[in-house]
Amino acid sequence: MLGLPRPTLDVPVSLPRQTVVEQAAAPTLSALAFFFVMTSYYIIRPVMGQLSGAVGSQSLPLFYGAVFVVMLLLTPVFGMLVARFRRRQLLGWSYSFFILCLLAFVPAFMAQDRIGARELGVVFFVWASVFNLFVVSLFWSFMADIFSSDQARRVFSLIALGGMAGAIFGPLVTKLLVQLIGVAPLLVVSALALSFSMMLLLQLSTQHDRQAGSRADEAIGGSLWAGIRELWSRPFLRYMALLMLFGDGIGTLAYALVADYAKAHFTSTVARTLFYNDLDLATNLLGAVLQLSVTPWLLVRRGAGWGLVVPSLVNLILLAGVALIGGGSLVFFSYSVPLLAVMQVITRGFAYGMTKPAVDALYTRVPRETRYKGKNFVETAVWRFGDVVVTSAVSGLRMLGWGIGGLALLGAGVATLAAIVARRAGWSPDLAPDEHARVDDGETPPV
């Protein structure tokens, strides 16, 4: 029977009892911190989604273009912060900034009728995208910093499962509260959840600093554009950038098609919010099932590389099926479900439930500067560049008369390329051997 590996760490018995207890508790505290991160995000995500549904896919290039510009501006800022400040300071200041932003949006949403949905939508869409990329990326970089490669294979599934629990709890809270207190007060609830996560992460940072020989809280150093240099100098990062573009192409294609569906079928803000909230709930339930069954077995027995290949193959089969069948609906337990919604749920479910844990496990086998700067650049600027390209392409092809079948067939071709790149990324020659501990500061993995 498949299941999660035991979330314990191998700690030397010669260490002080306090250190042994802290190391043994680290996976649980990390999972709880990620639970609150994802709860916070999935309380605000349906609000962002319904704004996309209000304008449709034709306006998405504008939204994603604004996000991309912001990413280009913030990526060097992030690199500067990582280079100059210790981890505890970086975590505290970054999370505090987003907490304050959430509270600042409360009066804006109370005045939504006067501001206008489109204007507020652009600002909030950009901010929520930045929140997702920076808060979650910083969390996983921290996790890769305190766990070795061998430990990561056993505990990252547990940590990701904590995030999945938050990603399920968040939509449930939103579904319950949005009809009782409205949209604006939800942002206060989200800020509280993020505050709990910050406190747990700061506690983990303090515990890790007490371990003998720990250097992980030192500022990494390096220039502002180190993330870009890392991308060009390391084959693994180049593969991950390509995989990010291909995977994002598939996910953004599904998102754009669903946005058009929501615009055509839901006229009220509440209806669109509930629709996107249900999509999130179904997606995260699928991701949780994967985290409880296939993913831990795959990462431990077959290696993290297969965690990249399998979702690409699933996307290929799914998109080929949509290309043959076209649009329409499927019936589940007497409920009619749009096929496009099913496509988005499955693609995102595998991305969160399998691809993400595999990616983060692989990043434990590269130097810290690559984890913090190169990884962040790939998961910010590269990702959002892909969003702009894909949404612009979808809008252009729609104007040329392309339908769902043709777009899905194109997506199947992209999924084929993603599977090939995933196979190369998972076994890139510049990754440290899987059985070794994480690469320490300044150490270069064998080529």
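Cβ coordinates come from backbone N, Cα and C, glycine included.
Model, not experiment: these values are computed from the prediction.
Taken from TrEMBL, the feature transmembrane segment applies to 24-43 (among others). Counting residues 6+ beyond its ends, the transmembrane segment (24-43) has Cβ neighbours under 8 Å at 7-9, 11, 102, 131-132, 135-136, 139, 143, 146-147, 155, 158-167, 169-171, 173-174, 186-187, 189-191, 193-194, 196-197, 200-201, 203-204, 207-208, 280, 284 in the same chain.
Residues annotated as transmembrane segment in TrEMBL: 63-83 (among others).
Residues 40, 44, 81-82, 120, 123-124, 127, 131, 134-135, 138, 142, 183-185, 187-188, 190-191, 194-195, 197-198, 201-202, 205 of the same chain sit 6 or more residues outside the transmembrane segment (90-110) yet have a Cβ under 8 Å from a Cβ within it. TrEMBL lists 90-110 (among others) with the feature transmembrane segment.
Counting same-chain residues at least six beyond the ends of the transmembrane segment (122-143), those with a Cβ under 8 angstroms from any Cβ of the stretch are 30, 33-34, 37, 41, 44-45, 47-48, 51-52, 62-63, 66-67, 70-71, 74, 78, 87, 90-91, 94-95, 98, 101, 105, 108, 152, 156, 159, 194, 197, 201, 204-205, 360, 363, 371-372, 375-376, 379-380, 383-384. As annotated by TrEMBL, transmembrane segment applies to 122-143 (among others).
Residues 4-5, 7, 9, 26-28, 30-43, 45-46, 143, 147, 186, 189, 193, 273, 277-278, 280-281, 284-285, 287-288, 291-292, 295-296, 299, 352-353, 356-357, 360-361 of the same chain, all 6+ positions outside the transmembrane segment (155-174), place their C-beta atoms under 8 angstroms from a C-beta of that stretch. Here TrEMBL flags 155-174 (among others) as transmembrane segment.
Feature annotation from TrEMBL assigns transmembrane segment to 180-202 (among others). Listed as Cβ neighbours of the transmembrane segment (180-202) (distance under 8 Å, sequence separation of 6 or more from its ends, same chain) are residues 29, 32-37, 39-41, 43-44, 47, 88, 91-92, 95-96, 98-99, 102-103, 105-107, 109-110, 112, 135, 139, 142, 166, 170, 173-174, 269, 273.
Proximity of distant same-chain residues to the transmembrane segment (239-261), defined by a Cβ-Cβ separation under 8 Å and at least 6 residues beyond the stretch ends, is recorded for 52-53, 55-57, 60, 64, 231, 279, 308, 311-312, 315, 319, 338, 340-341, 343-344, 347-348, 351, 355, 359, 375, 378-379, 382-383, 385-387, 389-391, 394-395, 404, 407, 411, 414-415, 417-418, 421-422, 424-425, 428. Residues or ranges marked as transmembrane segment in TrEMBL: 239-261 (among others).
Among the features that TrEMBL reports, transmembrane segment is placed at 281-300 (among others).
The annotation transmembrane segment is assigned in TrEMBL to 312-335 (among others).
For the transmembrane segment (399-422), the list of distant contacts is 239, 242-243, 246-247, 249-250, 253, 257, 305, 308-309, 312-313, 315-316, 319-320, 322-324, 326-327, 340, 343: same-chain residues at least six beyond its ends, Cβ to Cβ under 8 Å. The transmembrane segment annotation in TrEMBL covers 399-422 (among others).
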